[in-house]
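Written below as structure tokens is the structure these notes are about.
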Amino acid sequence: MMSLLSLLLLGIALPATQAIDYRKCQASQILKEHGMDKVIPLPELVCTMFHISGLSTQAEVNNHSNKEYGIFQISNNGWCAEKQEDVANSVCGILCSKFLDDDITDDIECAKKILQLPEGLGYWKAHETFCIEDLDQWRC
């Protein structure tokens, strides 16, 4: 009886928002709809996203003193804000928690800003390690 009650309470406590785990071609299509194919080759970007977040909208990683959020693993180190009062000082002008919802439009807009950096996709270390060569499996 106690374990049934525990499971019931756990079910109530879980957040209502479910993660979306995209498949590579779904992600590629959404990125194309938002013009990302004009910014960066989609196979490289989808490969990178897969290796940093598993293409999951609710991926959240503690990385030393920083925290990274969402499908693009956007860092709270200047790109987004942990607290509402810090939003205006962040590059993307958004709360980091917004990168954990199922609407990735704001994630994409922030990623476009990151891609304007001189290192481009190199901002994400997984790109250089996994997504430079042999990208056939990431094409749709």
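Even glycines carry a Cβ here, placed using N, Cα and C.
Swiss-Prot lists a disulfide bond between Cys110 and one candidate from Cys92, Cys96; that candidate is Cys92. The recorded positions recorded for this entry are Cys47, Lys98, Asp107, Cys131, and the Cα of Asp107 lies nearest to that of Cys92 (disulfide bond). You'll find the Cα of Asp101 (Ca(2+) binding site) roughly 20 Å from the Cα of Asn63 (N-linked glycosylation site). Cys140 (disulfide bond) falls within neither a helix nor a strand when secondary structure is assigned with DSSP, and so counts as coil. DSSP assigns Asp101 (Ca(2+) binding site) to coil in the three-state reduction, outside any helix or strand. Cβ neighbour density within 10 Å is lowest for Cys25 among the disulfide-bonded residues Cys25, Cys80, Cys131.
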